[in-house]
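Only one structure is covered here, and it is reproduced in the block below.
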Amino acid sequence: MLASLIGGIFGTKNERELKRMRKIVEQINALEPTISALSDADLSAKTPEFKQRYNNGESLDKLLPEAFAVCREAAKRVMGMRHYDVQLIGGITLHEGKIAEMRTGEGKTLMGTLACYLNALSGEGVHVITVNDYLAQRDAELNRPLFEFLGLSIGTIYSMQEPAEKAAAYLADITYGTNNEFGFDYLRDNMVFSLAEKKQRGLHYAIIDEVDSILIDEARTPLIISGQSEDSSHLYTAINTIPPKLRPQKEEKVADGGHFWIDEKQRSVEMTEIGYETVEQELIQMGLLAEGESLYSATNLNLVHHVSAAIRAHFLFQRDVHYIIHDGEVIIVDEHTGRTMPGRRWSEGLHQAVEAKEGLTIQPENQTLATTTFQNYFRLYKKLSGMTGTADTEAAEMKEIYGLDVVIIPTHRPMIRNDQNDLIYLNRNGKYNAIIQEIMNIRQQGVAPILIGTATIEASEILSSKLKQAGIHHEVLNAKQHEREADIIAQAGSPNAVTIATNMAGRGTDIILGGNWKAKLAKLENPTPEDEARLKAQWEQDHEDVLQAGGLHIIGSERHESRRIDNQLRGRAGRQGDPGVSRFYLSLEDDLMRIFAGDRVVAMMRAMGLKEDEAIEHKMVSRSIENAQRKVEARNFDIRKNLLKYDDVNNEQRKIIYSQRDEILAENTLQEYVEEMHREVMQAMIANFIPPESIHDQWDVEGLENALRIDLGIELPVQEWLEQDRRLDEEGLVERISDEVIARYRQRRAQMGDESAAMLERHFVLNSLDRHWKDHLAAMDYLRQGIHLRGYAQKNPEQEYKKEAFNLFVNMLGVIKTDVVTDLSRVHIPTPEELAEMEAQQQQQAEAMKLSFEHDDVDGLTGEVTASQEALNESATEQQTFPVPESRNAPCPCGSGLKYKQCHGKI
C-alpha cells in the first residue's frame, strides 16, 4: 500500500524512464523534416559519416537521435513502414542495455532495427539472437534491404553451416542466429588449433528476441560438446525389463509395499528398502550382480545409475508428452515451446533408457569435452539487451542474475481484450467437453477465429479427436506438425478458423485477424496484380467480419507453471488495439492443481459435490492457482540462483583455461612459456624427494635421479654434485637441475629448428590442455553430484564445492605442465613430414567434432541433461576420479599402495 502511495506521488520507476525517453523521442521527431528532405544517396551517406564521427570520439548516445531518425526514414523508403514513437522508446531501451517488454503485434522486429543500426556503427558487430533458425532467417531477410540501403552488411549463422560461410557471417555488421548456435560457436572457437579457425570476433552487443524464453526458461540449459563414451547398450536392454515389475509408493514417508517413490516436483525417483531388495534379486538372476553383493557397493554404482535411469524412463517420461518417436529415434519435445529438438539427447543414461523402453536401437553415451550455460555465456557480452511480450513477472530475476532492467513499453493503441475468469472442472474429461461446447457456441454466434492452447501434445490430440467427433474442421500445431507451423499460424486469424497449438511461446508469427493474404499470394504460381487485388479485397472483408465477431478467441486448456507462458498465449489476441477474448479451462487433474494448488482447495471443491459437466468460478480458487504459479516461479528462480553459484566456479576456471588457450594460439613461439613449465615441474618433482626445509638425511637422492631418468630421460649425477659441494642446499639444487634440464631442452630445440619446435610445443601444450580439461569437467560434474551430501556433516556445500574445485583445478594445472615437460623431453625429434602429419591429425580431430545440443531440465544440482548423438567419431574413454586426501603423504584412494603425492596426486 505504501509503495503504491509513493508511486502515485512520484510516479513508478517505469513511468520515470518513459518520461526521460520521450524527451529523446522529441529530438528524433524534430529531425524528421530535415532527414526526409535528403536524397537516397545522401541518406545512405549518413552511415559512413556517423562511423567517422564515432571514430573521432563522439559517443553512440550522442549519435542516437540522428541515427534513429535516419533509420526511420530509410525504413519508410525501403520497407514502407515508419517507426512509431513507442518503437523509438523500445529502440532506446535496447540501446541502453535493458529489456523492452512490448505486447505481441506491436512491431518488435522493426523496433530492433534501430538499436542494431546504432550499435553497428562502432564496427564491433551486433548479434541478434532468436529462438529458432526459421525466425533468424526470416528476420534477417526481412531487414536485409533496410540495412543494405544504409550500407551495413548482414549475416546469418545456422547449424551445419560451411566454415567459410559462418566466418563471413560473423564478420558482418549485424549477425542473426539462434542462442544455441552462438553458444556452441563460442565453445567450438575454444577448441580450435589456430586463431584463423575461430569464427566469433568478440562478444560486443547482443539483442535477444524472446529474451524471457532464452534467459529464464533455458537458463539451466548447458551447452555441451561431447564425445562418445564406452558402449553399454546391453545393460540398458537387460535392465529395461526391471521397471515393469516394480510399482511406485504413493507417499514418501508411508511404506505401502511400493518399490520406489516419485518426486514429481524434482522429477526424481528414490528406491525404498523393498525396492533395493527386489532390484538386487533381479540383477542377481540376470548375472549382473554376484550373490551376496550389495547394489550400492562402490563397484556396482554403475548399475544404480542404469536402474535409476530405467525407472525414470518408464514412470516420469511419457511418449507424446516429453518426447515423440520419429524415424526410429526418440526426439525430445521442449516443455516450454512444444517444439521438437532433433539432435538433442538427455544425458546421465536417460535417453538410452527411453530408447530401451521403446525398443529402439540404443545409441552410445557421451562424455563432456566442453560446456557452458546460457547464464554464463550471455554474461560475457559487453552489452546485453532483449525484447519480449512478457518479462515483467520475471523482472527481479533479470536484474539479479543479468543486471538487466525491464522497461514496459506502452502500446500504440489501447488494449481492449476481454480476459475472462478461469473455469474449474472436476476432471479433464469434463473440462475438454466444456471446451468443445464453448467452441460450438462461438461458431453459432459468428465467424470469430479460435485459438486453443494446450500444454502437451497428448492434450492437443485429445481435443483434436473430440473436435473431429463434433464435425468441426480445425488445424493442429504441435511438435509433429513442425514443418507446417508458419502456415498454420499465418491463417489462424481467418474467419471460423479453429487452431489447436501446443505451448504458443516462441512461435514468433503474428496472428492477423482475417488471415494473412500475403501468405496466400506467395503460394500462387506467377501471381498477377488481379490476384493480389482479389486476395486483398477478400481479406478486408474477412478482417471486418472477424472484428464484428469480437476478434480472436483464446481458450487455454490448462494453466502452465509460469504466469508468463499463460500471458504469452493470451497475448496472441488483442494485438494493435484489436478486440479479443481469453479464458482458461482447468480441472482438478491438471498437473499444476494436483501438485501445487494445495489439498485444501481440492478438498473443498470435491466436497461441493460438483458433477463432471459443472464448473466453478471463484476468486479464492483463482487466487490459489496464482499463488501456486508464484510458488513454482520462486522455486525455479531459487534453483537457477543456486545452480549459478556452482556454475560460477566452473565459469571462472573456464575463462582462465580459454584465456590461456588464446594466448597459446596467439604466440609465435612458446619457448619462454615451456621453459617456465620446466622450472615449475622440476621444483614440484624435487619436492617429492627432497621435502622443503628438511635435513640431508631425509633426502631421497637416488629416487630423484631415477625419476629424472624415467620421466624425462635425463641422467644427472645429483649425488655427485652434493658430494662435490656440501653447501648445495635445496634451493640451489632446484636451480641447478632446472638449468641442466632446460639446457638440454634448448639443445633439442636447436636441432629441430625454431619453426618445427614452435609447432611441436603448440601441439603438446594444446593436446595436454584439452585432454585434461575434458577430464577435469568430468571430475567437476562428479563433485557437483555428490556435494550436497556435505550438508549432512554440517558443512556448507557451496563452500566445500569451491574448495574442492580449486584443489582439482590446481591439480589439473600441475598435471598439464608435467605432461608437457615429459612429452617434450622424451619425444624423438620429428621430421618435417612427421610434423605436418601431426598438424593434419589435429585438424582432422577438430573437423570430426560434432556439436551436441544439451537441454537440461535440472531441478536441483542433479537432473536430466541432454546431449546429442552427433559427437566425436572416435570414442572417448571415461576418466576415473578420486577424492583428494587431507595429507599428500596419505595412501592414494585409487588403491595402488603408493602415497597420494606419488600417484594420482603427482604434480
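Numbering starts at 1 and runs along the chain as it is shown here.
Yeah, the Cβs are placed from backbone N, Cα and C, and that goes for glycine too.
Per Swiss-Prot, these features apply:
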type: BINDING; residues: GLN87, GLY105, GLU106, GLY107, LYS108, THR109, ASP510; note: ATP binding site
type: BINDING; residues: CYS892, CYS894, CYS903, HIS904; note: Zn(2+) binding site
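Annotated features taken from Swiss-Prot, shown on the structure.
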residue: GLN87; record: ATP binding site; DSSP class: helix
residue: GLY105; record: ATP binding site; DSSP class: coil
residue: ASP510; record: ATP binding site; DSSP class: coil
Non-site residues, in chain order, whose CB comes within 8 A of the mean position of the CB atoms of GLN87, GLY105, GLU106, GLY107, LYS108, THR109, ASP510 at ATP: MET102, THR104, LEU110, MET111
Nonlocal residues around THR109 (ATP binding site), in sequence order (Cβ under 8 Å, 6 or more apart): ASP139, LEU142, ASN143, ASP209
Binding-site residues listed as GLU106, ASP510, least Cβ neighbours within 10 Å: ASP510
Max CA-CA distance, Å, over listed ATP-binding residues GLN87, GLY105, GLU106, GLY107, LYS108, THR109, ASP510: 17
CB contacts for GLN87 (ATP binding site) [other CB atoms within 10 A, all chains]: 27
